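Residues annotated as active site in Swiss-Prot: Unk46. Per Swiss-Prot, the feature phosphoserine maps to Ser31, Ser194; the stated evidence is similarity to another entry. Look at Swiss-Prot and you will find Lys85, Lys111, Lys145 tagged as N6-succinyllysine, backed by similarity to another entry. Taken from Swiss-Prot, the feature N6-acetyllysine applies to Lys85, Lys111, Lys118, Lys145. Marked as site 'Subject to oxidation and hydroselenide loss to dehydroalanine' by Swiss-Prot on the basis of similarity to another entry: Unk46.
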Amino acid sequence: MCAARMAAAAQSVYSFSAHPLAGGEPVNLGSLRGKVLLIENVASLUGTTVRDYTQMNELQERLGPRALVVLGFPCNQFGHQENAKNEEILNSLKYVRPGGGFEPNFMLFQKCEVNGAKASPLFAFLREALPPPSDDPTALMTDPKFITWCPVCRNDVSWSFEKFLVGPDGVPVRRYSRRFPTIDIEPDIQALLSKGSGGA
């Protein structure tokens with residue numbers, strides 16, 4: 001089934017799976033039922049790589065015990081800022097950017113496309129469920145030379161490090177632009193975690 005048809009048929013992220021960056025069996029997102037998910041398309045050479053990767057680690061470390069799961073999906077569609085091979089990405093993060101021995105403590109998956117005909121079915125679904133980022137409803141890729149995919153849609157991801165927050169029922173709740181710092185999503189995450197635990 002093509003990505004668009006899979007996305008149209010889905011009611012939650014639990015319909016999708018993804019291949020871990022380290023290899024092995026695909027992770028069925030249904031196995032994360034009951035967790036709050038923060039999903040980001042990431043890149044090793046973006047201007048916000050250091051900020052967002054370190055903040056993703058921070059949120060996973062502090063809120064993971066309360067049922068937050070951070071998921072990163074490397075993508076090379078924006079300025080070719082993830083041009084490493086899958087097997088090179090962890091070393092790039094460790095030694096280049098963020099560097100200093102950095103290791104992600106959250107799940108990273110194999111490179112995928114998030115826009116266009118070859119978009120990951122998960123991202124096609126997320127874009128349909130949450131068309132504009134909540135903090136920047138007019139966010140668009142505005143420089144034609146950077147548009148490397150087809151077809152171009154109004155709900156396309158506009159750059160690396162867009163964020164999608166998914167509730168414990170697997171339904172997307174909110175989308176944030178690349179300009180929105182990952183750490184600033186914490187109040188929304190805390191609200192979902194409290195709701196999921198009955199307000200405890």
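Glycine is treated like the rest: Cβ placed from N, Cα and C.
Rounded to a whole value, the Cα-Cα separation of Lys85 (N6-succinyllysine) and Lys145 (N6-succinyllysine) is 23 Å. Nearest Cα neighbour of Lys111 (N6-succinyllysine) among the listed recorded positions (Unk46, Lys118, Lys145, Ser194): Lys118. Cα spacing between Ser194 (phosphoserine) and Ser31 (phosphoserine): 21 Å, rounded to the nearest whole number. Note on proximity: among Ser31, Unk46, Lys118, the recorded positions of the record, the Cα nearest Lys145 (N6-succinyllysine) is that of Unk46. Fewest Cβ neighbours within 10 Å among the modified residues Lys85, Lys111, Lys118, Lys145: this applies to Lys145. Between Lys118 (N6-acetyllysine) and Ser31 (phosphoserine), the C-alpha separation comes to 25 Å. Summarising the environment of Ser194 (phosphoserine), the number of other Cβ atoms within 10 Å of its Cβ, over all protein chains shown, is 12. Cα-Cα distance from the residue listed as 'active site' to Ser31 (phosphoserine): 31 Å (rounded to the nearest whole number). Reduced to three states, the DSSP call for Ser31 (phosphoserine) is helix.
Here the recorded positions are Ser31, Unk46, and the one whose Cβ sees the fewest other Cβ atoms within 10 Å is Ser31.
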